[in-house]
């Protein structure tokens, strides 16, 4: 008999977010679940790690019999600490989310949800981040739960290459309009930033980051296209950032002494 | 006559670090320099942005006639604010660093230095991050300064593809042993983490992140190889994280309803 799968669950919205509770519910039939999640919201933390201060872990009992810990650091810290101090080794899979809000296209780079999953993938743990295109606290997670279970199960059943990582975004649609899961590539999109400038009671300026999403990629194989057309997008992700095409081009053009 | 180049300088070690002062010195003969850097050390902040709190900018006069600002946020925040609130548009180039310590191989993902440069590249600004393999406050920056000037000048003189980005790491070597600049790819390496477990005066545990670098890539075309063999490594970088090979493979293997 195959031993039970060990499933590490984490997120970036913090351990009390509805998204992680829904993710635990989605994957608990698939193996033994251990949760290690930030003790506070960590959205937009990207691949930050904590270098200048120490970290804390606290065990909590809020998920009905599931072993769960809060970590005082970033999502990436959670994964590192989980492996070294809680699990004492690699789990069979790491699932991150379900994020409240999109992490498609360029958003993957800013996303704590995806950075946690990427950290696990760097460690050789098959990993996936789930994000739901709905920010509401009381959003209906029925479809995201179903997607999380289906993708996690598929990953556990497949012999994947080492370091396999997926970025899954789920549209906010009524069941009747939802079309299923579609493999996609990362759309070439970005944020048009504008800072909201205000003045404090002393008259000094301060700035809030705001911005408008701008998709500049009109292919029908992108994650943005999938989401706009009723599908969940599933993007396989890797972390060799070398631009081989530019390397090739400059190999001939640039001569250094 | 071509207009003067506008050069945005930033870093992650903070505005008072010797590395940024050396970078300013390196690039000031190449155009008009504007500095926007974090007001405190931001190492390991990856691509973090500040979402939950507002940001501050303060003008400072510490670089002998160069316009300079501190920002209360992350390196990525610095670049966003520089563009929207200080420069009111795109500079001709963004240079980040000179980082105190290496950012080769997988370290690019954790690096605030490289994330600042990447943020500028996403915006369509040719960008480069420089890192020096020496952590000492009083390190000799002669070779790093020379490299930073040469690479920045080369970038300004070349018609590069949009979003061009480079990760430059400079070895800590005496001039006689230094061999020059070498184009490279990102080595497949990672950190073997171990947390140093301690107890506070109340007997509660806390953890310091420590780790050992582990290169698993023995190609002679990697950044790690270049650095170990007396060269500065120059890796062209891109930010489409799609794993096209895995996408292709799963397109046939995974069927979803």
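The backbone N, Cα and C atoms fix where each Cβ goes, glycine too.
Annotation comment: TrEMBL describes B:12, B:13, B:43, B:99 as divalent metal cation binding site. Look at residue B:99 (divalent metal cation binding site): DSSP puts it in a strand. Note: residue B:99 (divalent metal cation binding site) has non-local neighbours B:11, B:12, B:13, B:19, B:111, B:113, B:129, B:130, B:131, B:132, i.e. same-chain residues 6+ apart with C-beta under 8 A of its own C-beta.
The domain 'Survival protein SurE-like phosphatase/nucleotidase' annotation in TrEMBL covers B:7-193.
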Intermolecular Cβ proximity, binding-site residues B:12, B:13, B:43, B:99 versus chain A, under 8 Å: B:43
Lowest local Cβ density (other Cβ within 10 Å) among binding-site residues: B:12, B:13: B:13
Output field, divalent metal cation shell: CB within 8 Å of site CB centroid, site B:12, B:13, B:43, B:99 dropped: B:11, B:14, B:17, B:19, B:41, B:42, B:75, B:97, B:100, B:101, B:111, B:112, B:113
In three-state DSSP terms, the structure that residue B:13 (divalent metal cation binding site) belongs to: coil
Local Cβ density at residue B:43 (divalent metal cation binding site) - other Cβ atoms counted within 10 Å: 23
For the domain 'Survival protein SurE-like phosphatase/nucleotidase' (B:7-193), mean pLDDT (0 to 100): 96
Structural state of residue B:43 (divalent metal cation binding site), classified by DSSP into three states: coil
